[in-house]
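Trainee: Submitted below is the structure of interest, expressed as structure tokens.
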């Protein structure tokens, strides 16, 4: 793919630093080098040179490296200027470069987009760059790196190859209608289809783990005032993140903590106690609490174990349960076991899991951690995983649907054309993951979320 514009941007993070890098990509990279550093550096060699304005005034000095396309990150000619990391110096240099006719400032993610368009990496690898930059844990970074190195892509390519081979076999049989009945009962087709379905299920399970690693889980702690919600937040966070007093209604706004459980990102949200209140500020806090509940992956329904022996939230607070979004997972937390005499532990033999604990003494907190991991299906012991996004899971689910539909058609001995079409659709959805078949709108959405200079 030929890009008419040459683009430039700061590749290092904004702000002050020891080193700042300007990246230029496009057919005018050589021209930029001649105008700014006075020569075209030897390919892939670091050259220590002055950086000058178009008028010849020295702005900085540093290292210039030239990469000739297609042997560069973007597949185009690329120039990198590595100078001092002061924002003023970098801004002056970038302004001079953008004055050159045919050169403009890059849009967010445009370098990675060009790398994708020029077949230097596929879409999962491009997305992995952003995921690696945004990783919030060591395990998330490792998973993103695996995707960047093509681990996810290899799984998808293997699946696509097997689907293509089966399509060829099916469509060849369709061309010989006299043999089609024998083909439909051929054990090879059924066996190959079962093998593809099994492999797709394995990849989907791994992708779900990767999605959890990237997205994390939103957990809202909700309940009446003074039930110990903030104490639970502090115990899970391992620090005094929220003010705790004996006064009901101490928490009036939403408090957020971002923690990790064995590498799984967890967004814990403490909310104002839910009750009817004449206080305007508290009312606003309660409205925000419900906003968070409506966006949650799970709610920890906190209750004071000294107030009731019930564990069924529908009996304890039917109005609260009736207002929850349909399908939202709920765990009942019976707090203050140190005062109520409850045995610290977990009971999963009821409609809603019940955990008895003492948030104040941090007794039973590990039960909550393990429970949240189990709720989302996270396996912290998984090694060699890759990062995945919601769109990847959607594509895998669509592919699985069409494979299952094709299998049903085969078992009912319907005409092979229908099976062939289901296999074609399966291949299409799998190709969307790596970008072999992707709409321009989706590409724009993906790359616009990247950093400028990436």
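Heads up, the Cβ atoms here are built off N, Cα and C, so glycines get one too.
Pasting the feature list from Swiss-Prot:
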| type | residues | note |
| --- | --- | --- |
| BINDING | 23, 80, 120, 454 | (6S)-5-formyl-5,6,7,8-tetrahydrofolate binding site |
| BINDING | 226-231, 245-251, 270-273, 335-338 | GTP binding site |
| BINDING | 226, 245, 247, 250 | K(+) binding site |
| BINDING | 230, 251 | Mg(2+) binding site |
| DOMAIN | 216-377 | domain 'TrmE-type G' |
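Structural setting of the listed features?
Mentor: Sequence-distant neighbours of residue 80 ((6S)-5-formyl-5,6,7,8-tetrahydrofolate binding site) (same chain, 6+ residues apart, CB-CB distance under 8 A): 11, 21, 22, 23, 24, 64, 65, 66, 67.
Neighbour density for residue 336 (GTP binding site): within 10 A of its CB lie 22 other CB atoms from the protein chains shown.
Under the DSSP three-state reduction, residue 226 (GTP binding site) is assigned to coil, being neither helix nor strand.
For the domain 'TrmE-type G' (216-377), the model's average pLDDT works out to 84.
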Trainee: Under a three-state reading of DSSP, tell me whether residue 336 (GTP binding site) is helix, strand or coil.
Mentor: coil
Trainee: I need the CA-to-CA distance for residue 226 (GTP binding site) versus residue 120 ((6S)-5-formyl-5,6,7,8-tetrahydrofolate binding site), whole Å please.
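Mentor: One finds 57 Å between the Cα atoms of these residues.
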Trainee: Give the distance between the Cα atoms of residue 272 (GTP binding site) and residue 120 ((6S)-5-formyl-5,6,7,8-tetrahydrofolate binding site), rounded to the nearest whole Å.
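Mentor: With the alpha carbons as reference points, the distance is 50 Å.
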Trainee: How many other Cβ atoms are found within 10 Å of the Cβ atom of residue 229 (GTP binding site), counting all protein chains shown?
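Mentor: Other Cβ atoms within 10 Å of residue 229 (GTP binding site): 31.
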Trainee: Just jot down the residues in the same chain as residue 120 ((6S)-5-formyl-5,6,7,8-tetrahydrofolate binding site), at least 6 apart in sequence, with C-beta under 8 A of its C-beta; none if empty.
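Mentor: Non-local contacts for residue 120 ((6S)-5-formyl-5,6,7,8-tetrahydrofolate binding site): 70, 72, 73, 74, 75.
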